Amino acid sequence: MRIGHGYDVHRFGEGDYITLGGVRIPHKHGLVAHSDGDVLLHALSDALLGAAALGDIGKHFPDTDPRFKGADSRALLRHVVAIVAEKGWKVGNVDATIVAQAPKMAPHIETMRGLIAEDLGVALDQVNVKATTTERLGFTGREEGIAVHAVALLMAR
């Protein structure tokens, strides 16, 4: 078994929605990113790659590569799962914490879990997503952006 940790941050910018866990959520701002800015899936991808000792998403999908401009992070996550599987690993479970003052995540968590489970090829009970605020402290509390921490457990295939 192997454990990996992922962390990602994106700042708010222009737009009227964000994409988290594959779910489009209306919001007064968008997230600034080279891809679709899905900070949740980026952190999960990093956790999976880290557990398999395969670097991070920047190594596999550099933001300097125009092929990944506006990329669908669900497709990137599925590619990460394939890379990890090629090295002999399968997902045991994943757990993520979204750190954001706004928008409210609770109405979207179950949909996120379902999409992530689908992309990972695992059962719903192998995926956990939760959200918290920082009580208006720091950059997330000032609503300047969103951060996500994620952990992944990999098991030998």
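Any Cβ shown, glycine's included, is placed from N, Cα and C.
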Residue among His29, His34, His42 sharing the divalent metal cation site, where Swiss-Prot lists Asp8, His10 as binders:
His42
Please work out which residue of His10, His34, His42 has the most C-beta neighbours within 10 angstroms of its C-beta, and give that one of the recorded positions.
His42
From the centroid of the CB atoms of Asp8, His10, His42, the recorded divalent metal cation site, which same-chain residues not already listed sit within 8 A by their CB, in sequence order?
Val9, Leu31, Ala33, Gly37, Asp38, Val39, Leu40, Ala43, Ile146, Val148
Validating a neighbour-count step here. Other CB atoms within 10 A of the CB of Asp8 (divalent metal cation binding site): how many?
23
